[in-house]
Amino acid sequence: MTKAISMDALLSPWVDCPSLASVLVSELELDSRKVQPGTTFVALVGHVVDGRKFIASAIEKGANAVIAQACDVKAHGTIDIIDDIPVVYLDALDKCLSEIAGQLYTYPDMKLIGVTGTNGKTTITQLIAQWIGLVGSKAAVMGTTGNGFLDDLKEAANTTGNAVEIQHTLASLAEQQAQYTALEVSSHGLIQGRVKSLSFAAGVFTNLSRDHLDYHGTMEEYANAKLTLFTQHQCAQAIINVDDEVGAAWAKQLTNAIAVSLAPTTEFEHALWASQVAYAESGITIRFDGQFGEGTLHAPLIGEFNAANLMLAFATLLSLGFDKSDLLATAAQLQPVLGRMELFQAEHRAKVVVDYAHTPDALEKALQALRVHCDGQLWAIFGCGGDRDAGKRPMMAEIAERLGDKVVLTDDNPRSEDPVLIVKDMLAGLSKPAEAIVQHDRFKALFYALENAAPQDIILLAGKGHEDYQIRNGETIHYSDRESAMQLLGLSS
């Protein structure tokens, strides 16, 4: 819960400032536009914006004090007074902000589960939260599709919020009696120290494939960022997908690792594996074995990667002490996650599957998963984001051509880039570019596919998933793949 504490106590042991003992802090805010009278403004030097530029604006809005990032070590601990408002400077504020916020916002009895990896974070966090609810406890999520309880998610700007938002949200969820919270932990969030002070009852690694190289530079640096969840944070259990090459290496290094695999394995001391996996229209059935004993798990999900997601969620809950028989009895009630391999179908029409796949690996796994269920032709409709890693554009096109029967190239979020040039990059990955359909309007792209597809065909509409917007030329407009699918198939929302 949130409590008001003195600035002196809040900043201890980083700064000794007894002169600020009378300044009470009850709310921290990094966005000067959201400052209200009595709020304490945090002026952080971010990756793009220097929050110190907005100190005057925050004071004008009624900030009772400012905690600002110092220019250097010499300025650490200095205090300025601006319009009677104290501004205290801390060196490396970005590195200790999570811990500072943790001293203000507390949630003593809640267990945290951190999920990291390129793909699968949203699905696993939501499966965990659903499952915990089905067996009678209360769980929330924090991540891409929002923060809160699954029936009342609040929109989130980033996969992993800033250090203050995270602590504030966790305290709020604890006040609403959340016993567990499953958090998506991005590589950005780990590198920037946003979850530094959190104590995780379990950490989960899904997989590693090409993404965010515009930020990390190399795959090695990207992998190292993910690894810090297990090596530089408090993490009691490490649930690791060892079918991923990187995960297999980590599981051999981490003493608290539980290896999870879709194939029998004897390499790891602690493991849960599938001895048999069956895929059907009704979902996935897994025969499992390992340190938690054996049994059969069935859930109404589609595809091999969802089998991996399901096993990782299952292993996590078993490691936290949930009863195996209770989990097995409720698994059939698990629901597919919004915009994640979400099926839309109408009589005598091709099936449409909406998925968030926006990396080469995710697109490949989505198409492979659907091929098992497809009796006709498999269509791939997708685009690539602007102002992001351009190297993956031809890679994704090559995957779509290789694994799909029909390829439709469209726009994702072009942002400030010319959509024509983005598609040109994608076409470079095709061996037969003349056979691809180019339709920049996503709604029209799906309309074209549905008009030309047979009832036994499956159309994968990839890239946006749960999102209900599109970004082009600096403008955010309303658009939803899910709404497009429902409208074109004549389904009610």
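Even glycines carry a Cβ here, placed using N, Cα and C.
Annotated features, as they stand in Swiss-Prot:
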BINDING   Gly117, Thr118, Asn119, Gly120, Lys121, Thr122, Thr123  ATP binding site
BINDING   Arg388, Asp412, Asn413, Pro414, Arg415, Gly463, Glu467  meso-2,6-diaminopimelate binding site
MOD_RES   Lys226  N6-carboxylysine
MOTIF     412-415  motif 'Meso-diaminopimelate recognition motif'
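The structure, with features from Swiss-Prot marked on it.
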{"residue": "Asn119", "record": "ATP binding site", "CB count, 10 Å": "25"}
{"residue": "Gly120", "record": "ATP binding site", "CB count, 10 Å": "26"}
{"residue": "Lys121", "record": "ATP binding site", "CB count, 10 Å": "25"}
{"residue": "Thr122", "record": "ATP binding site", "CB count, 10 Å": "25"}
{"residue": "Thr123", "record": "ATP binding site", "CB count, 10 Å": "24"}
{"residue": "Lys226", "record": "N6-carboxylysine", "CB count, 10 Å": "24"}
{"residue": "Arg388", "record": "meso-2,6-diaminopimelate binding site", "CB count, 10 Å": "20"}
{"residue": "Pro414", "record": "meso-2,6-diaminopimelate binding site", "CB count, 10 Å": "22"}
{"residue": "Arg415", "record": "meso-2,6-diaminopimelate binding site", "CB count, 10 Å": "17"}
{"residue": "Gly463", "record": "meso-2,6-diaminopimelate binding site", "CB count, 10 Å": "26"}
Other residues, Cβ within 8 Å of Arg388, Asp412, Asn413, Pro414, Arg415, Gly463, Glu467 Cβ centroid (meso-2,6-diaminopimelate site): His358, Gly383, Cys384, Gly385, Gly386, Asp411, Lys464, Gln470, Ile471
Same-chain residue ranges lying at least 6 outside the motif 'Meso-diaminopimelate recognition motif' (412-415) that approach it to Cβ under 8 Å: 358, 382-388, 422, 463-464, 470-474
Secondary structure composition of the motif 'Meso-diaminopimelate recognition motif' (412-415) [DSSP: H/G/I, E/B, coil]: 0 helix, 1 strand, 3 coil
Candidates Lys226, Pro414, Arg415, Glu467 (recorded positions) with Cα within 10 Å of Gly117 (ATP binding site): Lys226
8 Å Cβ shell about Gly117, Thr118, Asn119, Gly120, Lys121, Thr122, Thr123 centroid, ATP site members excluded: Val115, Ile124, Glu184, Thr206, Asn207, Asn309
Nonlocal residues around Glu467 (meso-2,6-diaminopimelate binding site), in sequence order (Cβ under 8 Å, 6 or more apart): Gly339, Tyr356, Ser480, Asp481
DSSP-derived class (H/G/I helix, E/B strand, else coil) of Glu467 (meso-2,6-diaminopimelate binding site): coil
Extent of the meso-2,6-diaminopimelate binding site in Å [max Cα distance among Arg388, Asp412, Asn413, Pro414, Arg415, Gly463, Glu467]: 17
Neighbouring C-beta atoms (10 Å sphere around the C-beta of Asp412 (meso-2,6-diaminopimelate binding site)): 22
